[in-house]
Each structure stands twice: as structure tokens, then as C-alpha cells.
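Going by Swiss-Prot, these are the annotated features:
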- Arg33, Gly244, Asp245, Thr277: substrate binding site (BINDING)
- Asn35, Phe36, Ser37, His38, Arg74, Lys155: ATP binding site (BINDING)
- Asn35, Ser37, Asp67, Thr68: K(+) binding site (BINDING)
- Glu221, Asp245: Mg(2+) binding site (BINDING)
- Lys219: site 'Transition state stabilizer' (SITE)
Amino acid sequence: MIARTKIICTIGPATNTPEMLEKLLDAGMNVARLNFSHGTHESHGRTIAILKELREKRQVPLAIMLDTKGPEIRLGQVESPIKVQPGDRLTLVSKEILGSKESGVTLYPSCVFPYVRERAPVLIDDGYIQAVVVNAQEHMVEIEFQNSGEIKSNKSLSIKDIDVALPFMTEKDIADLKFGVEQELDLIAASFVRCNEDIDSMRKVLESFGRPNMPIIAKIENHLGVQNFQEIARAADGIMIARGDLGIELSIVEVPGLQKFMARASRETGRFCITATQMLESMIRNPLPTRAEVSDVANAIYDGTSAVMLSGETASGAHPVHAVKTMRSIIQETEKTFDYHAFFQLNDKNSALKVSPYLEAIGFSGIQIAEKASAKAIIVYTQTGGSPMFLSKYRPYLPIIAVTPNRNVYYRLAVEWGVYPMLTLESNRTVWRHQACVYGVEKGILSNYDKILVFSRGAGMQDTNNLTLTTVHDALSPSLDEIVP
């Protein structure tokens, strides 16, 4: 059974071996996320090499995402996890040290120290650990814990009521982007985006490294990101609803409503949307998710999210492969009751997705024709990815087989809802249509006499302007018997 909603897996110590990565792929992983808040270029380089070798061996559109560290406040390295209890105190310092309970822990960046005030609430590790500032000095802050937990290396930290303007991109981020371009990665997730100028500045950096069109996903994690959402969505290529930091920066009870708003607004703008953070969090430790987590994933799918993301579940959890299998099962079951026609009602007058006027005229009508004809799939040839992205935003019941000669587009489409990318060297319509049908049969999407709707370009045309309703048999004949018994 196919799954239209895509799965993003964060890769970490629990999964960064060839054997585990192949198991994640078999379980349903579509995108491998590398979190550059952790690790080194050397360690990420090893993982990237394994992923590239794997996707070449298996001939699958597995995308690789670089997630930037961004301008966040974060703890430094600790010698070993520091166990804390209510009433315990810990010193945060500006100098770089290997942290411990006795010596304290480094707090990055050091420019925040002058802005910290006593009695300010402190949230660590997505709010799991709470504390309060009891002593604030120029290069040192002392906090007192209000609940128990473990302080680990590189965990996020949020200080309420702090007013400091952090730069959008750090020197580390720029070095990481350069590394990502050199490694020919497929997607960039930009942390703590506040406005469209942040996206523009990152594009200029990518352009200076020779990759101006590298897709950028804007992570919405603070009140400015929410406030400027519409302009950010137009500037970016995709949106990530980063619920962890969002639930710290804003009231946690606001997150569900914002999630629904951003999922719909992303589609209307023509951008894919990723729902992230704590989706199957309990599976970090337990073999089964909670009922609430299953409902959370299902509701994100009902909202029309393009992809759902696993973080600690696959990076460091005890059951990473089972977490992906569970996520895929939830997707498949939920999509049985997905209201596909409800997503036809789309106010896309302000869409930022640039497609030809021909496709705008025939795209939605084509989906309706295919459904009325009981077709089993839509096949579309694309050089830029625009046509399948345009069709995907309407969330059609029919799988979209996207045939492309562009390797960057092939991997980039891995995150698009309902799109199944296929790489080709052919531009002849008869040939690539034949190849797409073979692909559909091999993937279990199509069979012998299924009807298909093909979007293509007419002779001498540069843009998609032609619809053809045909059958798999006619497209494959006379070689169908060699493929389907």
C-alpha cells in the first residue's frame, strides 16, 4: 500500500550505520535529516557517503537534508549527563569548558549574558527541564532547577523575557552551508527564520557557493516567524512547523491552531509543509506509541501536511526502525479516510509557485478528469519540478509519477505529498511514458489495463499544455507481458 505523506528521519548515533540506514529506507524513510547542531563535518560526511551509496544501490529518490544550527541559545559539551533535582543549582559560563556539575556548563552564544536578568524562567531541552535565574553576572549565570532531569551536551535553552538580536546565520552556519553545497545535498532547513530577508540572505550565501537554487525550508520557531509567516512562505521553498521551540517561545496551547493555519497557508502559497517534533516521542524508549501520539500524527495528515518528521525517535531512540514502520502504518491507515475532495477548495490566488499559464488552466481540471475516468495515476514530465508540485497542492487521490531528467529535482521531489519521482534520460514522450508505466507497475501503483492521465508538452512547446487519457496496456504495448504476468 502506498503512502502519500512523506517521512523524514533524523539520523544520529542510533542509525548512522549502513545496516540501520537501509532498514530505515525499507521501513519508509523518504528524507534523511542531518542535524548540524550536533556532529562534525567529518562525522556527517561519513553518513552522507553511506546515504548516497545506499540510494544509488537501491535506485530510490532518498533526499538528504541539512538542518542548520541557527542563531539559537544552546548549552555546550558536558563530560557526562548531569542529573539534577529540584533546588539544585548549575552555573552557566561564557568560557568554553567541558561541562560538569562542579565546574558549570558553557552557554552559547556569549553575547546573551548581559541581557539575562534574575528571576527569568529558563527552559532546557524543549522545556522538559525548567529552572529560574538566581544570579546574573557579566560572564556567568546561575540557575536553580524546578524539576528533575538530565543535562546533556548541546541541548537547547530558552530564557524568557530576553531581548537580544542574534544574527540569523553564524559563522558555523555559513561553513555548514558551504559543506552542504560541496557534498551536493538536496535540502536546507533554516533554523529560527524570522522574516523573508533571512531567506534572502541565505540564498545569497548559497549563490556565492554556486548553488543559488538549493531548496530552503524555513523553520518556524518563534513569534516573529509566525508574525511574518506569509512573506516567509513566499520566499522559502518549504515550511517546517518546528513545534518544540514554537511551544517554548509562544504559549504551548497556541501551537495546534498555528499548526493548522501554517499547513493550509503553505499549500495555498504552493509550498510543502513538514510537521515536526515529538510526533512519536515515547518511542524513544517504548516499543509502542501512546494513543495521543497516533492521533497527533493522524491529525497532522488530515491537516494536509506534506511530511511528518521523526527526531529523537530515529536519532537516538531504542526503536528507530519500528518508529518508522509505525509512522508509515499510521499514514496508510489515515489516508484511507482522508477527505481528498476537501482539499480541492484551495484559495491559491496568492500562490508563489511559478508555473506556466497552460498548467494553471488545465492542472486542476486534469485531476478532475482523471478521477471521473477512474484513472489510477497521473504521470507528468518535469524539468524543474513545478508541474508535480502544482498538482500535489490539491492533494489528489491519484499518485503523481513525476518523470524528470534533472537529478536535483528527482531528489527534491522526495518531500512532496503524493509525488513519486522517477529519473530518466529520455525526452521523447512515448519513451518516458513507457518508462513511467513500467515504474508504476514495479511499485505496485499500476497494473495492466489501468487508466492513466499524462501531462506533457506539445510539439514545439516549452511548457506543460497537453492532457492524454490512456491505459497502461496501450502505453506499454507490446512489451507488457514481459513485465506483468
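Every residue gets a Cβ built from N, Cα and C, even glycine.
A map of Swiss-Prot features onto the structure.
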{"residue": "Phe36", "record": "ATP binding site", "Cβ neighbours (10 Å)": "22"}
{"residue": "Ser37", "record": "ATP binding site", "Cβ neighbours (10 Å)": "16"}
{"residue": "His38", "record": "ATP binding site", "Cβ neighbours (10 Å)": "17"}
{"residue": "Thr68", "record": "K(+) binding site", "Cβ neighbours (10 Å)": "26"}
{"residue": "Arg74", "record": "ATP binding site", "Cβ neighbours (10 Å)": "18"}
{"residue": "Lys219", "record": "site 'Transition state stabilizer'", "Cβ neighbours (10 Å)": "25"}
{"residue": "Glu221", "record": "Mg(2+) binding site", "Cβ neighbours (10 Å)": "28"}
{"residue": "Gly244", "record": "substrate binding site", "Cβ neighbours (10 Å)": "19"}
{"residue": "Asp245", "record": "substrate binding site", "Cβ neighbours (10 Å)": "23"}
{"residue": "Thr277", "record": "substrate binding site", "Cβ neighbours (10 Å)": "20"}
Candidate with the highest Cβ count within 10 Å, taken from the binding-site residues Arg33, Lys155: Arg33
Nearest-integer angstrom distance between the alpha carbons (Cα) of Phe36 (ATP binding site) and Glu221 (Mg(2+) binding site): 17
Nearest of the binding-site residues (Asp67, Asp245, Thr277) to His38 (ATP binding site) - Cα to Cα: Asp67
Distance, Glu221 (Mg(2+) binding site) to Arg74 (ATP binding site) (CA atoms, angstrom): 15
Length of the line joining the Cα atoms of Thr277 (substrate binding site) and Ser37 (ATP binding site), in Å: 15
Listed in sequence order, residues with CB under 8 A of Asn35 (ATP binding site) and six or more positions away: Thr10, Gly12, Asp67, Ser311, Ala315
Arg33, Ser37, Thr68, Lys155 screened against Glu221 (Mg(2+) binding site), Cα within 10 Å - retained binding-site residues: none
Secondary structure of Asp245 (substrate binding site) (DSSP, helix/strand/coil): helix
Structural state of Thr68 (K(+) binding site), classified by DSSP into three states: coil
